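Novice: What follows is a structure written as structure tokens; I'll ask about it next.
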Amino acid sequence: MANRRKIALIGAGNIGGELAALIARKELGDVVLFDIPQKTDFAKGKALDLEQNGAVLGYDASIKGTSSWADCAGADVLIVTAGIPRKPGQSRDDLVATNLPIIRSVADGAKEHCPNALVIVISNPIDAMVYEFKRRTGFPRERVLGMAGVLDSARFQLFLAREANVSVKDVRAMVLGGHGDDMVPIPSACTINGVRATELISKEKLDALIARTRKGGGEIVQLMGTSAYYAPASSAVAMAESYLLDQKRLLPVAAYLDGEYGYKDIFMGVPVILGGKGIEKIVELPLTAEEKEMLAKSAKSVQGITDVVKASS
């Protein structure tokens, strides 16, 4: 009898709980909901609630709350949400000093117990945290990625659909660059059922949608007092599903660049083919001069925060 897949979720907070619920409903595998020892009972309680939910919704996934890395051993996918979420007035980069020790601890546990897992980092600032995770573990770049572009593109996709008054299902959007205020929505790559979005939406309105996309996470923080969790969880699950089922979806993720787009030794949002081997190909899009300029600005921001991480190691 084949072994069931195991997905380990590091952090049992808002995103961790929603991740567990989505993974269980999709029957992608059994779930380990991991948190620090002080929150062991919280993780166990959330796991029990989710398992009981399975009796209502009809899924059979095992969901275990724990603070022991031994329970994560051999995980097929590791999704890292551990860290302090943003509060109103904070940027993602403000979290680096707080979350860096946390990501290092997680990296050490993963290296020992989950050496063959695909790793998806959600903890902010994503581009810096995923860089440190890869640096500390030495995992191959094909199996270490940050969740950013899927979420940012989804936000852009929604705003485009609302502006054009069309179904969000017909909109395809792409956001590259760092997961911050300098992210790069790519108008030339946006289509509405094959029609360029630029033909249906004026440049003035498109620029306003781009600005809102860049501040999309901050808008939610201001409204809720904490970071988003439904859409981020769905974005990470889409990535995990493409890997586990070898779907080979083209998704924008924070990937380690080694010359692609002209950048080296940084993680930044780019389109990739994500399949059973992890990142199987980085897709280099033809960009307009304006888009290249915006990407360079974003890369400079990412490099700055990455240099802070390098200096502290």
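If you go along the chain as it appears here, the first residue is 1 and each next one adds 1.
Keep in mind that glycine also has a Cβ here, set from the backbone N, Cα and C atoms.
Pulled the feature table from Swiss-Prot, pasting it below:
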type	residues	note
BINDING	G11, A12, G13, N14, I15, G16, D35, N99, I122, S123, N124	NAD(+) binding site
BINDING	R86, R92, N124, R155	substrate binding site
ACT_SITE	H179	active site, proton acceptor
Novice: Fewest other CB within 10 angstroms, which one of the recorded positions G11, G13, I122, H179?
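Specialist: Counting other Cβ atoms within 10 Å of each of the recorded positions G11, G13, I122, H179 gives the minimum at G13.
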Novice: Between the Cα atoms of the residue listed as 'active site, proton acceptor' and I15 (NAD(+) binding site), what distance do you get, rounded to the nearest Å?
Specialist: 17
Novice: What three-state class does DSSP give G11 (NAD(+) binding site)?
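Specialist: For G11 (NAD(+) binding site) - judged by DSSP and reduced to three states - the answer is coil.
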Novice: Under a three-state reduction of DSSP output, how is R155 (substrate binding site) classified: helix, strand, or coil?
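Specialist: Where R155 (substrate binding site) sits, the three-state DSSP reduction gives helix.
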Novice: Could you measure between G11 (NAD(+) binding site) and R155 (substrate binding site) for me? Cα positions, answer in whole angstrom.
Specialist: 24
Novice: Under a criterion of Cβ-Cβ distance under 8 Å and sequence separation of at least 6, what residues of the same chain contact R155 (substrate binding site)?
Specialist: V175, T213, G216, A231
Novice: Take the Cβ of N124 (NAD(+) binding site) and count every other Cβ within 10 Å, whichever protein chain it belongs to.
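Specialist: The Cβ of N124 (NAD(+) binding site) has 28 Cβ neighbours within 10 Å.
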Novice: In the structure shown, which of the binding-site residues I15, D35 has the fewest Cβ neighbours within 10 Å?
Specialist: D35
